[in-house]
Amino acid sequence: MIRTLIALVPADKRGTLGLYTVLTVLSVVIRAAGTVLLVPLVAALFGDTPQDAWPWLGWLTAATAAGWIVDTTTSRLGFDLGFAVLDHTQHDVADRMPNIRLDWLTAENTATARAAIASTGPELVGLVVNLLTPLIGAVLLPAAIAVALVAVSPPLGLAALAGVVVLLGAMWASNRLSRKADTVADETNSAFTERIIEFARTQQALRAARRVEPARSLVGDALGAQHGAGVRLLAMQIPGQLLFSLASQLALILLAGMATWLTVRGELSVPEAVAMIVVVARYLEPFTSLSELTPAIESTRGTLGRIRAVLDAPTLTAGDAAPADTKSAPRIEFDCVTFGYGDHPVLDDVSFVLEPGSTTAIVGPSGSGKSTILSLIAGLHQPTEGRVLIDGVDAASLDDESRRAATSVVFQQPYLFDGSIRDNILVGDPGADEDRLAAAVRLARVDELTARLPNGDASKVGEAGAALSGGERQRVSIARALVKPAPVLLVDEATSALDTENEAAVVDALTADLRHRTRVIVAHRLASIRHADRVLFLDGGRIVEDGTIDGLLAAGGRFDEFWRRQHEAADWQITH
């Protein structure tokens with residue numbers, strides 16, 4: 001945990017971290033000295049010359065004042081470090097997210113990322129002052145007191161040193177017992193949170209299927225897993241707590257017995273023995289504090305682990321290359337490209353060339369790799385083997401800005417942000433002037449939509465575009481893609497879920513765009529590709545047919561069969 005925290009400290013604060021560490025250790029030494037000073041103070045106070053206690057009281061006062069000054073300075077440095085870690089971590093996580101490989105962002109890892117981002121607030125700021133400082137003190141103070149006791153009473157000091165080893169070992173064993181169960185409990189809590197969100201978002205489908213009872217849904221499974229993990233966690237924590245409690249009691253008995261034995265032998269006076277009992281109590285106190293800190297330590301360990309998981313997530317490689325021409329439609333080439341999601345292969349040794357300004361349709365059965373090709377062109381994924389070339393430049397060697405500026409994408413399920421229609425369109429290019437914005441709105445026929453709304457393009461779309469229909473969301477999405485001055489336009493199943501009217505609007509918008517672009521269209525509905533110059537038919541991750549629409553229809557192969565089935569489905573009707 002401490003290693004992870006140190007790694008999160010920005011480079012310009014490493015000096016502050018070193019000073020903080022030195023002062024924290026100095027604070028421990030001062031507190032240990034102040035504790036052991038009680039022995040000569042009490043001995044003098046109850047001895048034959050009580051006035052001899054004044055110098056020892058002076059030393060104790062000086063140690064207390066010095067400790068207060070050091071602790072105040074340490075707290076200030078701790079807050080400084082905490083805010084530095086917070087700021088550095090938030091920027092690191094935010095900068096990392098746009099470059100994380102999409103195949104890493106599974107449901108589980110997305111929950112991890114969400115929890116990491118949500119917890120990088122007060123918990124990180126308070127980590128140093130409220131947890132790290134007490135943790136260092138709780139671990140080092142008993143050892144420092146034991147070392148100081150060696151100078152007063154070597155047998156008692158050595159016994160105290162042995163007690164440090166035993167108690168820290170008992171605490172380590174206790175934490176070891178519960179750590180794995182705590183990890184499982186944390187994972188099930190995250191999973192339960194995700195299922196609750198999913199349960200709320202899918203109420204329409206669940207009610208239609210009569211699956212509204214949580215017990216009959218995945219929420220019930222997640223709740224059961226959470227309950228089981230909580231029971232296992234308690235089953236592990238209780239034996240660990242009993243083990244540490246037993247070790248603490250044995251240490252107290254051992255040290256008190258040692259002090260009594262030394263007093264009986266005459267090696268300690270009665271006042272010294274009384275003071276030793278006070279010192280022993282002070283010696284055991286940090287272990288109790290450490291035990292109380294354990295839940296917070298484990299929680300923080302989980303938080304730092306989630307942050308580390310996001311920062312260590314695999315990212316897309318990027319270089320410093322840039323295409324020679326960022327405005328003209330580029331030549332796109334797949335050179336022996338192989339790609340898979342984890343162990344699941346999707347594309348197998350795919351090669352083709354798309355000429356500048358051409359419109360290419362990619363069709364084929366579900367799962368054949370069509371959308372994956374678009375993702376590779378857009379730079380959302382990178383090939384496992386082979387290369388994707390943009391005007392002869394390997395896309396993996398492009399800098400991030402060039403890679404993102406090269407393509408404009410219309411997704412099958414468009415996502416609209418919680419803002420106005422205008423705001424959502426300008427996401428494509430915030431610097432677009434009014435003429436370019438108006439042209440994109442007109443081409444996508446968004447003007448027909450805004451004309452019906454009381455606030456026009458200032459109308460709010462709601463979270464994820466909930467205030468608009470599916471076709472209306474797609475029109476806004478297309479306007480967003482068209483307003484972006486990208487030389488490559490990628491369209492992924494943009495009409496698959498639309499009615500005939502909206503499908504026609506989408507197709508007209510895409511074909512009416514006069515910007516010189518290289519276009520790649522993935523479609524199941526063949527009406528969407530009637531203007532394509534070329535068709536690639538994919539099956540099983542390979543290109544099995546390549547040619548013009550008329551040429552492939554005349555060949556009577558897979559595409560022809562696909563085409564005929566589309567027409568048969570279009571002619572299908574219910575008869576009485």
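Cβ from N, Cα, C; glycine included.
As given in Swiss-Prot:
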type	residues	note
BINDING	G364, P365, S366, G367, S368, G369, K370, S371	ATP binding site
DOMAIN	19-299	domain 'ABC transmembrane type-1'
DOMAIN	332-565	domain 'ABC transporter'
TOPO_DOM	1-25	topological domain 'Cytoplasmic'
TOPO_DOM	47-52	topological domain 'Periplasmic'
TOPO_DOM	74-131	topological domain 'Cytoplasmic'
TOPO_DOM	174-241	topological domain 'Cytoplasmic'
TOPO_DOM	263-267	topological domain 'Periplasmic'
TOPO_DOM	289-576	topological domain 'Cytoplasmic'
TRANSMEM	26-46	transmembrane segment
TRANSMEM	53-73	transmembrane segment
TRANSMEM	132-152	transmembrane segment
TRANSMEM	153-173	transmembrane segment
TRANSMEM	242-262	transmembrane segment
TRANSMEM	268-288	transmembrane segment
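Here the features listed in Swiss-Prot are painted onto the structure.
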{"residue": "G364", "record": "ATP binding site", "Cβ contacts under 8 Å, 6 or more apart": "K370, F537, L538, D539, F562"}
{"residue": "P365", "record": "ATP binding site", "Cβ contacts under 8 Å, 6 or more apart": "D539"}
{"residue": "S366", "record": "ATP binding site", "Cβ contacts under 8 Å, 6 or more apart": "none"}
{"residue": "G367", "record": "ATP binding site", "Cβ contacts under 8 Å, 6 or more apart": "none"}
{"residue": "S368", "record": "ATP binding site", "Cβ contacts under 8 Å, 6 or more apart": "L538, D539, G540, G541"}
{"residue": "G369", "record": "ATP binding site", "Cβ contacts under 8 Å, 6 or more apart": "F339, V346, L347, V350, L538, G541"}
{"residue": "S371", "record": "ATP binding site", "Cβ contacts under 8 Å, 6 or more apart": "Q412, D492, E493, V522"}
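Outside the transmembrane segment (26-46) by six or more residues, the chain places 52-53, 56-57, 59-60, 63-64, 66-67, 70-71, 74, 136-137, 140-141, 144-145, 147-149, 151-152, 269-272, 274-276, 278-279, 282-283 with a CB less than 8 A from a CB of the stretch. Residue counts for the topological domain 'Cytoplasmic' (1-25) under DSSP, split into helix (H, G, I), strand (E, B) and coil, are 22 helix, 0 strand, 3 coil. Cβ atoms within 8 Å of the centroid of the Cβ atoms of G364, P365, S366, G367, S368, G369, K370, S371 (the ATP site) belong to the same-chain residues L538, D539, site residues excluded. Distant neighbours of the transmembrane segment (268-288): 35-36, 38-39, 41-43, 45-47, 137-139, 141-142, 145-146, 149, 153, 156, 160, 163, 167, 171, 244, 248, 251-252, 255-256, 259-260, 262; these residues of the same chain sit at least 6 beyond its ends, with a Cβ under 8 Å from one of its Cβ atoms.
Long-range Cβ contacts of the topological domain 'Periplasmic' (47-52) within its own chain (Cβ-Cβ under 8 Å, at least 6 residues beyond either end) map to 269, 271. Outside the topological domain 'Periplasmic' (263-267) by six or more residues, the chain places 153, 155, 273 with a CB less than 8 A from a CB of the stretch.
Within the chain, the topological domain 'Cytoplasmic' (1-25) has long-range Cβ neighbours (under 8 A, six or more residues past its boundaries) at 70, 73-74, 77-78, 80-81, 84-85, 87-89, 92, 127-128, 132-133, 136-137, 140, 297, 300-301, 304-305, 307-308. A sphere of 10 angstroms centred on the C-beta of K370 (ATP binding site) encloses 26 other C-beta atoms. Counted with DSSP, the topological domain 'Periplasmic' (263-267) comes out as 2 helix, 0 strand, 3 coil. Mean pLDDT for the domain 'ABC transporter' (332-565) in the predicted structure: 86.
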